[in-house]
Every structure is written in C-alpha cells, then in structure tokens.
Amino acid sequence: MITPAHQRSVVRDLLTVMSGTAGAQALGLLILPVLARAFAPEAFGVFQLYLSLLVFCTVGIALRIELTLVSSSEEDLPHLIASLAILVIVVGIAVSGFLMLLTGLGFGPEIPIWLFGLGLIGNGFMLIASYMLIREQDFNRLAFLKFGQVGIYAVVALAMAAINPSIIGIILADVAGRIAAAAYGIITLRSKAAMGDTAATIRGLIPFVRRHRDLVTVSLPGALANSAGAMLTPFMIFHVFGAAAAGQFSLVDRAIGVPVAMIVGAGSQVFLGRITVHLRAQDYHAALAILLRIVIMSAVVAGAGAVILQLFLPYSFHLIFGPGWEPAILIAGVMIFGYAAAFVTGIVNQTLVAMREFRLQSIWDVGWSVAMGGAWIAVVAFGLDLYTAVAMHASIVAILGFVFVFMCIAKLRSATTLAERSGT
C-alpha cells in the first residue's frame, strides 16, 4: 500500500482554517445589528441579489481549471498559475461587459456593474490563491485570507452605514473586502509563480483551455447548474415577493447562512487537501475513513446547533436586529434545518471532483438545479406563499445533500474494493 510521506491531523487542520473563519464571522456578526438598523430591507434584498450573482459567476471565473492546481506537477505549476491569472481577468471583463450590455437593453440586474466586475475578478484571484494554499496545506495563511476579507468588509461597511447607508454603500464594502483579500492572494501566487517559467499570454489562453477541455466541457456546466440552483431561491424571492421579502431572506442568510457557508467552505478546503493526498497515493480506504469521520462529526455539530438555534431564535433575532424583521424570524425557523443539512454535506462536496468523477458530479449538479427549478415553478403556478417556498427550498437542500453523501460513500467503497482486488 502506498502511503503519504507525512501524516497530519485532519481535525487540527480543520480547526486552523475554522479559527480564521470563525473570527471573520464573529466580526461580521458583530456589525450585522448595526447594518440591520442602518440599511432598509430593500437594500439587503438588492445586496442578496448581488451576492447570488457574484457566487454564480465566480464558479466560472477560471472555467474550473483552478481545480488542477491541487494535482499538477511542480514543474507545470508556475505556468498554470500565470495562465489562470490572465484567464480570470479576461473572463471577469467579458462577464462584466455582457452584464453592461444587458443593462443597456433593460434586462440587466439592478446593481452597479463596475463594482460587480471588481468583486468578480477579486474573487477569481482569491479562488486561485485558496487552491494553492490547499495544495501546500498552508491552512494558517488560508485562514488569514478569509479573516482579511471580512475584516476589510466590516470596516468599510460600518463607515458606509454612518456616511451613506445606501445600496451602493453596502456593495462597495463587500467589494473592498474581496479586493484586499485578492491583493494578499496575488502576493502568495507571485512567490510561487516566480519559481519557474511563467510564459503565459492572452494568445495562449485558447490552447491552454483546450488542454483542460474535460473540466470546461463537463465539470463547468454541472458546477454552473449547481450554482444556478443555489442562487435561484434569492433571485426568485426578489422577483416574485419583492425586494423587502428578499431583504428579510437576506438577513437570515447573512446571520446564519453565510457563517455556515464560510465554515463549510473552510472544512471543504481542508477535506479536499487531505483526501487528494490519499487519492494520489491510491489509498481509497484512508480516503473513505476521512469521509465518514467528517460526516459523523459534522452531523453531531449541526444537529446540536440546529436545536439550540431553534430554541433561542425568536428572542435573539428581535433583540439583536430590532423591529421590522419579524418575517425573518419565521424564515430562519424554516431554514435552520436546511442549513444543518448543508453543514453536513457541504464539507465533503469536493469528493467526486477529487476522484475526477466529473460526469457523475455534473449529473448531480444538474439534478439539483432541476429540482430547485421545479419547486419554483410550483410556487409560481400555484401561488404559494413565501414561507412555503422557503420550506421547499430547505427540504431539497437536505434531501439531495444526503443523496450526494451516499453517492460519495458508494464510489469510495467501490474504489476500495477494486484496489484490494488488484493488490494496489
């Protein structure tokens, strides 16, 4: 059996990244009551629309080629980093230009596109830097990257709340945090890219993309479909129930969903770094053991957290955020169990990608998007209310999330059996 050259503690690495993430989210949560009193629900609604679109576009900012950073050889790494950096800038400008065109035709989103473009490119560099740090298993710097982003956002958001509590003010704060984190990411990337040949040009992007066409043609569409399913609920709430309802949903997402997503993202990055080491060594038994350990541990944490939040939710929301957010309390009560399921399943959401099961991943991604789209067709067709729509969203997140976990377990068990039969 081939084993990794060195052993590390998954729990220790997880706690390292989560410490930075928890610190960042603690800071974000501390300022949220101030923002909830300074900004109207409508501003939060537009901000949620901006964030949903940003997350969706970030999935494709590097055409999923950033995934190769984890497994590429040291010799290829400098050129890969340089090519990805150019690709992020080109795709970011192209997407922003397309949105400006749509806005000129009267179909664009109601957000400042120039700020959106800066945030998107910043996210792209953060994405590349994150995968490099995962590759190096440098989780201390990864934690600092996350804390820096939220720290700058918090400072600028508080300033905007005092000076200009408007839609553009809260979006500007978010973009400032992403740009600052991107700058730190660029410093990280430059130190690695300088260690070899970085002869990458815009003209060389086409052959570069062609060399990774399996990711572009198989993984990217599925990932975009998955992200579309995730952004569909805030998008449809905004357009079906109005900006104020979207703002109520946004407050819940900022107070509960974003901290969960940040912790899940940190856990997913640690998990990806660890499981990739074992998969490269063809130690599928160890990979399966890590998967099961993480799922069980996160299920215990998520279950306890959901029960505690459910008990204290009505009092804490009103006390912290003040009057005018009563619908958010009802939305949060429904969404808590969806967030708990996402906490369990999200940490291991890179398992199939790490196994290079891109087609199976894409099938699940498309299925998730279709299920969410079907739910919203039912909401519109039958005139269902906001809380029923949110309950349907949470149910789909939970059910399909656990289906995904079972798929991952089945694939790793199958790979383990095949490896044992072949004597690997």
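Any Cβ shown, glycine's included, is placed from N, Cα and C.
Residues or ranges marked as transmembrane segment by TrEMBL: 14-35, 47-65, 77-101, 113-134, 143-161, 167-187, 220-244, 256-275, 287-309, 329-354, 366-384, 390-412.
In summary, the transmembrane segment (329-354) does not lie against the transmembrane segment (113-134): fewer than three C-beta pairs, each 6 or more positions apart in sequence, are under 8 Å. The highest tally of CB pairs under 8 A with the transmembrane segment (113-134), across 167-187, 220-244, 287-309, is held by 167-187. Through the fold, the transmembrane segment (167-187) approaches residues 35, 39, 42-44, 46-47, 50-51, 85, 111-112, 115-116, 118-119, 121-126, 128-130, 144-146, 148-154, 156-157, 159-161 of its own chain, all at least 6 residues removed from its boundaries and within a Cβ separation under 8 Å.
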